[in-house]
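Asker: What follows is a structure written as structure tokens; I'll ask about it next.
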Number of protein chains: 6
Amino acid sequence: MTRTDGRNNHQMRPVTITRGINKHAEGSVLIEVGDTKVICTATVEDRLPGWRKIEGGGGWVTAEYGMLPRSTGSRMIRESVRGKPNGRSLEIQRLIGRALRSVTDLAALGEKSITLDCDVIQADGGTRTASITGAFIALVDALQWLIEHKRLDHIPLRDFVAATSVGRVNGEIVLDLNYTEDSQAEVDMNIVMTGNGEFVEIQGTGEEASFSRVEANGMLDLAQQGIKDLIEYQKQVLGQIANNIGR
Amino acid sequence: MTRTDGRNNHQMRPVTITRGINKHAEGSVLIEVGDTKVICTATVEDRLPGWRKIEGGGGWVTAEYGMLPRSTGSRMIRESVRGKPNGRSLEIQRLIGRALRSVTDLAALGEKSITLDCDVIQADGGTRTASITGAFIALVDALQWLIEHKRLDHIPLRDFVAATSVGRVNGEIVLDLNYTEDSQAEVDMNIVMTGNGEFVEIQGTGEEASFSRVEANGMLDLAQQGIKDLIEYQKQVLGQIANNIGR
Amino acid sequence: MTRTDGRNNHQMRPVTITRGINKHAEGSVLIEVGDTKVICTATVEDRLPGWRKIEGGGGWVTAEYGMLPRSTGSRMIRESVRGKPNGRSLEIQRLIGRALRSVTDLAALGEKSITLDCDVIQADGGTRTASITGAFIALVDALQWLIEHKRLDHIPLRDFVAATSVGRVNGEIVLDLNYTEDSQAEVDMNIVMTGNGEFVEIQGTGEEASFSRVEANGMLDLAQQGIKDLIEYQKQVLGQIANNIGR
Amino acid sequence: MTRTDGRNNHQMRPVTITRGINKHAEGSVLIEVGDTKVICTATVEDRLPGWRKIEGGGGWVTAEYGMLPRSTGSRMIRESVRGKPNGRSLEIQRLIGRALRSVTDLAALGEKSITLDCDVIQADGGTRTASITGAFIALVDALQWLIEHKRLDHIPLRDFVAATSVGRVNGEIVLDLNYTEDSQAEVDMNIVMTGNGEFVEIQGTGEEASFSRVEANGMLDLAQQGIKDLIEYQKQVLGQIANNIGR
Amino acid sequence: MTRTDGRNNHQMRPVTITRGINKHAEGSVLIEVGDTKVICTATVEDRLPGWRKIEGGGGWVTAEYGMLPRSTGSRMIRESVRGKPNGRSLEIQRLIGRALRSVTDLAALGEKSITLDCDVIQADGGTRTASITGAFIALVDALQWLIEHKRLDHIPLRDFVAATSVGRVNGEIVLDLNYTEDSQAEVDMNIVMTGNGEFVEIQGTGEEASFSRVEANGMLDLAQQGIKDLIEYQKQVLGQIANNIGR
Amino acid sequence: MTRTDGRNNHQMRPVTITRGINKHAEGSVLIEVGDTKVICTATVEDRLPGWRKIEGGGGWVTAEYGMLPRSTGSRMIRESVRGKPNGRSLEIQRLIGRALRSVTDLAALGEKSITLDCDVIQADGGTRTASITGAFIALVDALQWLIEHKRLDHIPLRDFVAATSVGRVNGEIVLDLNYTEDSQAEVDMNIVMTGNGEFVEIQGTGEEASFSRVEANGMLDLAQQGIKDLIEYQKQVLGQIANNIGR
């Protein structure tokens, strides 16, 4: 069966990452995965959250996620108007933060915090995984900026990290679901992996449905391949700097 | 290696479910998993959320999750005082709701909504999975109440559902983490499964760490066994009524 | 006239206080007054509210009150969802705090604050007075814990304190109203008294009705007797420790 | 002992009620009790709160209470800035509403709601009791306005209502406490009474202190006399209209 | 054409400023412009907002604006109930603050902040401009209070400041619009000017309409004349103190 | 004197408007004015705000304004986290809405509302005026979309509208201030004008300073010229469609 946009089941949408799209931020990218477009900016600050200072352990990397009101098919209420954070957004930004911290040497970062803002300009499925893949590049650029400003002497990242979604749509296992597929999916799985092929997150959910161990394995296989390709692309985008990660 | 509470790695803590602990609610249980204690009440209402009415598809099952301020080692700010919902609570209650809906025939439920309130009285790790396992029984009792009040003619559940946690603690794969283990875990995985052995949710997270495919498989194996036992216990707790589920 | 639950007008419902029901809290009880069930936990902290530090005068004792969503006949909106504290809850927790402070030697307590969380698990009238009666025991246990941990050398309580409700229902003066009576009462009075028979609070309210001086006197007489019995029971529950109060 | 402002213990401060101070409101007064100044406006609306419509029983009378930021000695945070209602304000406005409803024939009012806004312009103790005494006059004027506009044929009030405070200050029982006395009081009691000498509310509170039955009686005696005088003054202020109340 | 209240187009409503109307505030006035009545109080505090302390530059003068719920023809929701500040109020209080700061020598004020609370008791158009004109006098009185308490040696004001509105109503340019005119105006302009005839603010707005350069000039001419008269009146109200401003 | 970015005082920064940048919205543009970048999307909905339906008068055009957290030099708190709208944002979005409505024939629009979301991606001064100039084009495109979908038969706009800022910086009158100039400006004026050269808004503000009538005239002159050029550019961007406006 061909997918609605003509891809085969194992095929990811075209991915583009444009660096340096914000003159103020220490790191910034626009990531496009098909029609999904997310601006990721990294902000370096010389202070830590209170609890982190008490707890110790070095720096902190965190994320915030938002959607512009008309990033979706029908306009959503602006988050500042709702007056309270949205459960889905909170869940996503916690995921992005964990993903980035899983490859960061926080002790080596020192008393700094880096906030990754992931703002969805246009949504077409997979905004959280695109945010992770893009935010990683913005984080690298912010760390590189710290090196250039003599505030770090190496990039405190142990590895690359990227993410994609897999799922079961009409009984078939497919890679990188777009919005139409996502809303029809019986099973939806978001996977975050590092450059050495290990998992950071497996978030698989049956939508009023369940899935077998065999299907779980099929989805993990597909995600592993997709993320391997994404990390290849991240390396290409970073060029020379890529060599300084995981040293 | 023996675990802090003397269990072996494949051993779950003692589980007790007490039914009928609230005279107002249509279904209610106290579930105890080791020192974790959660009150789950089911409330039946003859109205649907606005969006559900528009969307159609029958009834609705949802959950809310909270913790008493002193359910934990140090007192937390009361949620009504924070003035806004807590990201972690929202994430958990969305999980509980999805788990219960995965086995419910919402069309057969008809124009009713059932809300499962899961309130943690005392926390010692695994509150979200205990909530799912306990809320399922409260849901069954509420459905049974509807049958007794002639508002349903059968229990609209396709299967049982229960949940447990697994993780990697000090490099070892263990079942049903208590709080001490949970706070030391390198990997933490919450699994929701149905009576027929299928997955509803796999939520595996590396805590500033990652995990291999082999470890993922080990954790899924362990969870499958644990949940099988939990569902056996649910059947025992429900007695005769258990036979009317999945018919 | 016999009351709906068969009691005579001067009769209180059965009262049970179970101590030590939470392994984390420095003091904790479950108080049951008929079908009203409240969990009271005491949390000791080594810090004072900012204003108290400025004002001086020693330690601080305060309370917070909440109801589980399905503690009542029909489910209430969860307080964290309302996003703002409920007027009734604020009023009640201010009452509980004042009642406990009226018998506490705050200067002798020193730079510590004790928070009594009163969470209603099941409501059937009289939750605020049950909270006071139960929270007093949790407070004693927390103070005893401080003695055992060598942080106090005596219990800084001048006296016992307990509370009950009285009211006029169908023209008759009755003690300890249950929910049905409370919702029909023309007059509702909550009374807090100390062990030496003095009043801490008299909160009498006509519900779209008024009451005479003679009726006021009748209600105060009845409450005095009821609270005397409650304090007898508190002493029995505390056993040996009771002798150390008011020294 | 003479009081700080030279009054004897049984003496109330001068009371002035000025009617018609707001051209928009259906009823409005400025009440001054010593240096305490409260604007009370009555707003008539042809709609009921949702719950009241369902419950039935006729019209509704309610109150809201606020303080201007600099009504007090040191400036308070503006309530709209706090973003949430203040516990004390909620408690007071519930009291004012109950007091007014205790003498109102809500059934005769019909499908209308009347909101009494009590805004404290300058505070010097007793703002809640002044609000009740003043709001009653604003309510009468709004009801009279309804009669003049042919929307009522009589004033649906069964009686007058007014309020004052009494307390124990330095061991002496005094009437109508000003701010200085209130902040030193060991016992503070707010009393609401009707024209026929019955109580609507008795709110007596020991401030880290308790009080005997004899003292309670002394305070009630004093309040009864004070409120009798206040109601005399209300009658004088209303002139001819006073005769139409309680018919 | 005569205006609804009989004024000619160049005529302002009667203005009255009453000083010293609040015993707590360091400066306070009631300003009446026709039926518009605003209480302005000035609060002196010996602390600065955090950002101001960091930024330096001396003291701070700011304003807050509110309306009593029934200051208008139909009752508005109380701001503390809305739970969030109202856009219009925020806009107005920013305007009042800027107007006052434009004539204040903040460096000379030293480490003090003065907050002007402008609370509308009764609204009939022009509440923001009345607030500015009145708040200026309250500010002068608070500064004079600082001199009397030996905390300033001169009034740190460079000039007077006052404000009025002009507009185009039914095609005619008019001064000082009342509520009826304001709601029919095609163009509405608020002007703030200093004693030396310079502008501090020009806020001209077409209401679903636009206006020509010639009309703009006509409105500015009219406002200049009106504000000149207002400042004359301010001088008269302040008497001797007026001579100490702008020295 | 040359300006920091080399422009002369009468020179505007380069302006670019890119249409159709969002696949979901009925109209969308990216407007760039120097380094200021704003995404403007227009959302058409077939429902009106409640008050508008009651009031009548046809359709409604409104705006919302937001800034991404890192659109500025230092990261701002995300608006959804602040939990309440920001005074400045509310003020700006009211301005944008009024500007667009001033040229819209709301009656001809019929029972539709159009919301213009203006989200600042990168800020360098003049975000509110860029929002107006860009939102006008997004509005035209949404109206054109309605024509193409046979829901309108002509563009219900009476004229073009655009906006720019002028100000006094170091004593000189300059056009189109960038952020550096804006933060040093003694006077800041935002002007909105229509295609026929009339004003919709004049918002001139002295920043702890005042300005003369002569300076006001100089700023208005400069703004008139700048806006004339902007409207020329708008026409060029719209091409053929421009001819259908104001018919």
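Here the Cβ of each residue, glycine as well, is placed from N, Cα and C on the backbone.
TrEMBL lists these features:
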BINDING   C:Arg88, C:Gly126, C:Thr127, C:Arg128  phosphate binding site
DOMAIN    C:11-142  domain 'Exoribonuclease phosphorolytic'
DOMAIN    C:159-226  domain 'Exoribonuclease phosphorolytic'
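A description of the local structural setting of each listed feature is requested, covering burial, neighbours and distances.
Answerer: Under the three-state DSSP scheme, C:Arg128 (phosphate binding site) falls in the helix class.
Mapped onto DSSP helix, strand and coil, the domain 'Exoribonuclease phosphorolytic' (C:11-142) counts 45 helix, 41 strand, 46 coil.
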Asker: Between the two most separated Cα atoms in C:Arg88, C:Gly126, C:Thr127, C:Arg128, the residues recorded as binding phosphate, what distance in Å do you get?
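Answerer: The two farthest binding residues have Cα atoms 13 Å apart.
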Asker: What are the sequence-distant neighbours of C:Arg128 (phosphate binding site), meaning same chain, six or more residues apart, C-beta distance under 8 angstroms?
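Answerer: The answer is C:Tyr65, C:Ile92, C:Leu95, C:Ile96, C:Ala163, C:Asn190.
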Asker: Taking 8 Å from the centroid of the Cβ atoms of C:Arg88, C:Gly126, C:Thr127, C:Arg128 as the cut-off, which other residues in that chain fall inside it around the phosphate site?
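Answerer: In sequence order, the nearby non-listed residues are C:Tyr65, C:Ile92, C:Val120, C:Ala123, C:Gly125, C:Thr129, C:Ala130, C:Ser131, C:Asn190.
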Asker: For the domain 'Exoribonuclease phosphorolytic' (C:159-226), DSSP counts of helix, strand and coil?
Answerer: 20 helix, 30 strand, 18 coil
Asker: Output, ordered by sequence, the same-chain residues six or more apart from C:Thr127 (phosphate binding site) with a CB under 8 Å from its CB, or 'none'.
Answerer: C:Thr36, C:Val38, C:Tyr65, C:Met67, C:Ile92, C:Cys118, C:Val120
